[in-house]
Number of protein chains: 2
Amino acid sequence: MENAKHVSKAVISRLPRYYRTLRQLANEGVGRISSKDLAAQMDLTASQIRQDLSCFGGFGQQGYGYSVDKLIVELERILGVAGSQRAILLGVGNLGRALLRNFDFSFCGVRPIAAFDTAAEVIGRDFRGIPVHALHDLELFCERERPDIAVLCVPADQAQLVSERLVRCGVRGIWNFSNVSLRQDHLGVPVENVHFSDSLMKLCYHMKATDPFEFGE
Amino acid sequence: MENAKHVSKAVISRLPRYYRTLRQLANEGVGRISSKDLAAQMDLTASQIRQDLSCFGGFGQQGYGYSVDKLIVELERILGVAGSQRAILLGVGNLGRALLRNFDFSFCGVRPIAAFDTAAEVIGRDFRGIPVHALHDLELFCERERPDIAVLCVPADQAQLVSERLVRCGVRGIWNFSNVSLRQDHLGVPVENVHFSDSLMKLCYHMKATDPFEFGE
């Protein structure tokens, strides 16, 4: 296994984009791709792509390009999305429902097995076959089913308590949509905090940077 | 104005995190912070923080730290989130509703002014005061109201067409949740593609990297 500790955060955060792009290419029937063409697809430079992929052993051949399928399999192994992680979702509001109904968990090798909420009107329902249980059954359920990942869609003021409870239940990773930053060093398991505002701010930045009126100042 | 072209993508993508962290600190009543303490908050190194902020002029004083409020104002200017951009949202399904109901647009200096959908049962309703109009009224509305940003929550197969239509309507930036990658070089305006799968894959990677069983191999 590659030593994950020597790979920079910047490279790691680009890997999912590589994976998405390559899956898209495979869907389109592309079998091989040069670093130059992959660079054009991804808005990176060819040398950056060669450098990124070389962090993980470098699977390209000079003048021959990369095998799309091989790279996909390799990235699945590196990212750890090849297995079948089992997920539970906490908080079946609009965002929770959007994820249950529309998000392709299987793309990431993840399988949602249950959702939890406290609202009587949603407990007992199911979304695309995923049943909603009462939150007070969480401990019992986790003891029996041993989910790997928790998808946190609860309100911000409940995020810390619910996540601590999830860790006590043996959950090994938290995908956090609750709009507060949870910390891995506090919880003891990996956390990905999703902040929608980050991408909206990036958009504002780029709109400003390309605005002819601003440049005219 | 600083020359945006000389700032690396990596720095730009960290700026929203700086902004979020500093706003949080200001909320907690923190007036000044050293690069070391800010680094600890953000899981970065002090030297990286000094380097990042120096890209934009460097507002710290040796041994005295950064003024939180000054840095916030400066970041608002740099990110272009200080003004009041007007946004419309397309596609009032679960995700669209989640954003309209719960997302704090004002945090990014953005104000949602209307939403659009094709479903009769949602047209005419409003969410936190934001009215939902029929999609066929888009052109008329944009001519009158001149929105800056479009938040795209339509199904993947409609994303390209709707986004082209939005650009013809004069929208200057697209915040895209439709799970297909739209390209700025095709559309002619900045796009931020939000891919939930990227953060889930990163979580899987970190879970794998910290899994004692995996390391034991």
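Quick reminder: no glycine exception, Cβ is built from N, Cα and C everywhere.
All annotation found in TrEMBL is predicted automatically rather than curated by experts.
Checking TrEMBL for DNA-binding region across the ranges A:17-56, A:177-216 points to A:17-56.
Through the fold, the DNA-binding region (A:17-56) approaches residues 2, 6-8, 11, 64-69, 71-72, 74-76, 78-79, 81, 107 of its own chain, all at least 6 residues removed from its boundaries and within a Cβ separation under 8 Å. Proximity to chain B, defined as a CB-CB distance below 8 A, holds for A:Gly93, A:Asn94, A:Leu95 out of the binding-site residues A:Val92, A:Gly93, A:Asn94, A:Leu95.
Counting every protein chain shown, 26 other Cβ atoms lie within 10 Å of the Cβ of A:Gly91 (NAD(+) binding site). Working note on the binding-site residues A:Gly93, A:Gly96: by count of other C-beta atoms within 10 Å of each C-beta, A:Gly96 ranks first. Across the DNA-binding region (A:17-56), DSSP helix (H, G, I), strand (E, B) and coil residues number 28 helix, 2 strand, 10 coil.
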